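Written below as structure tokens is the structure these notes are about.
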Amino acid sequence: MGRLDGKVIVLSAAAQGIGRAAAIAFAKEGAQVIATDVNEMKLKELEAYKGIQTRVLDVTKKDQIENLCKEIDRIDVLFNVAGFVHHGTILDCTEADWDFTMNVNVRSMYFMIKTFLPKMLAQKSGNIINMSSVASSIKGVVNRCVYSTSKAAVIGLTKSVASDFIDQGIRCNCICPGTVDTPSLRERIQARPDPEQALKDFLARQRTGRMATAEEVAHLCVYLASDESAYVTGNEHIIDGGWSL
């Protein structure tokens, strides 16, 4: 018996990083996973795992989300993972940077939740998990202005949905990681003028002396997706190795 036996889980940004680790962890616990991403080539790799189907999806496109929803008869868990990290202060952030970040990090969740929530309400049960960050309303982080703003909005969205539908069988929580060692992070480090120093800077702020792994975050994802967390809603779940202390 798996902890997620029989549950249908839809998640975004599943091709790599936390999304990929979560998709694999969900499937290993018995869930039927519909893994989505814009990266078709990387996404296809997940089809090697029993219990995982894949769909190419751009979460900023409302029509694509609606078409996916029509394909699915039932959904137990919606996990919104897709996100973009902009580096810089408010003075480094152009209007285009602002709009792109907000579209990927917040508007996509608005689209996903608004599309799939009616199906959950009809079932009288549903579980929504949103990916936020410690870099949000939890902690001010240097050079994360628009990113932190967007992730603070995710916390607000999470609490609002949880409050509005708590008496209709709906739960909504968000996950707030600190620094996680993912392909996305490694790409950002390599894009810096001095990648070696950038890596040292990331490690220096880790009170545990290391970054989290995507698999460690996936353990929390499994808990929140399972009935073990049935009494948990409207919360931001911090997993940051003590960075926010």
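Each residue, glycine too, has its Cβ placed from N, Cα and C.
Lifted from Swiss-Prot, the feature list:
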| type | residues | note |
| --- | --- | --- |
| BINDING | Q16, G17, I18, D37, D58, K151, V180, D181, T182, P183, S184 | NAD(+) binding site |
| BINDING | R144, R188, R205 | substrate binding site |
| ACT_SITE | Y147 | active site, proton acceptor |
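Location within the structure of each feature annotated in Swiss-Prot.
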residue	record	Cβ within 10 Å
Q16	NAD(+) binding site	18
I18	NAD(+) binding site	28
D58	NAD(+) binding site	16
R144	substrate binding site	21
Y147	active site, proton acceptor	23
V180	NAD(+) binding site	21
T182	NAD(+) binding site	21
S184	NAD(+) binding site	17
R188	substrate binding site	15
R205	substrate binding site	13
* Rounded to the nearest Å, what's the C-alpha distance separating T182 (NAD(+) binding site) and R188 (substrate binding site)? Just drop the number here, would you? => 10
* V180 (NAD(+) binding site) and R205 (substrate binding site), Cα-Cα, nearest whole angstrom -> 12
* Asked: Setting R144, R188, R205 aside, what same-chain residues sit with their Cβ within 8 Å of the center of the Cβ atoms that define the substrate site, listed in sequence order?
  -> V85, H87, A135, V141, V142, N143, T179, F202
* Could you say whether, by DSSP, R144 (substrate binding site) belongs to a helix, a strand or a coil region? => strand
* Counting distance between Cα atoms, which of the recorded positions R144, Y147, R188 is nearest D58 (NAD(+) binding site)? -> Y147
* Structure fact -> Here the Cα-Cα span from R188 (substrate binding site) to I18 (NAD(+) binding site), rounded to a whole number of angstrom, reaches 16
* Asked: Roughly how many Å separate the Cα of R144 (substrate binding site) from that of V180 (NAD(+) binding site), to the nearest whole number?
  -> 15
* To do: Looking at substrate and its recorded binding residues R144, R188, R205, figure out the farthest C-alpha pair and report it in angstrom, whole number.
  => 17
* **Among Q16, G17, I18, D37, D58, K151, V180, D181, T182, P183, S184, the record's NAD(+) binders - longest CA distance, Å** => 24
